[in-house]
Amino acid sequence: MKRVHIVAAIIFNSDKSEIYITKRPDHLHKGGFWEFPGGKVEAGETIEQAICRELDEEIGIHVTEQSPYQYLEFDYSDKSLTFDFICVTQFDHQPYGKEGQQGEWVAVSELANYSFPEANTPIVERVMKEFA
């Protein structure tokens, strides 16, 4: 099975008390689950370029400060994914669901109350441990 390379952003507000998450549309793989915004890395793109492009396309922000957070491989029965999770701490504009998806700011301490895909569970746990 071909492995798909994904970038996903942990987008913090200014005091790192909240993170912006989006809800996957029902018709997509893992639809209805919440996620850290991002998408596929295109051929020839760096991880940094990919996260900037994806966040502009999906939630309308321009990233000005980012740093690597965690690399993770996860295999579903129907998909193999490689993730690069990126912390985004500075950006221009306010995020919104540019493609019609629901999005909201969530207190770091409340992340466990949202349903994330299995691949995101280790990240949710680490973020809560480090920032809640």
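Just so you know, glycine gets a Cβ as well, placed from its N, Cα and C.
Non-local contacts of Phe36 (8-oxo-dGTP binding site) by the CB criterion (under 8 A, 6+ apart in sequence, same chain) comprise Ala8, Ala9, Ile10, Ile11, Ile19, Ile21, Phe85, Asn120, Ile123. Annotated 8-oxo-dGTP binding site per TrEMBL: Arg24, His29, Glu35, Phe36, Pro37, Gly38, Asn120, in sequence order.
Within 10 Å of the C-beta atom of Gly38 (8-oxo-dGTP binding site) sit 24 other C-beta atoms, taking all shown protein chains into account. The Mg(2+) binding site annotation in TrEMBL covers Gly38, Glu58.
Across the range of the domain 'Nudix hydrolase' (2-129), the DSSP-based residue counts are 31 helix, 53 strand, 44 coil. Annotated domain 'Nudix hydrolase' per TrEMBL: 2-129, in sequence order.
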- [ ] Between Arg24 (8-oxo-dGTP binding site) and Glu58 (Mg(2+) binding site), find the distance joining the two CA atoms and give it rounded to the nearest Å.
- [x] 11
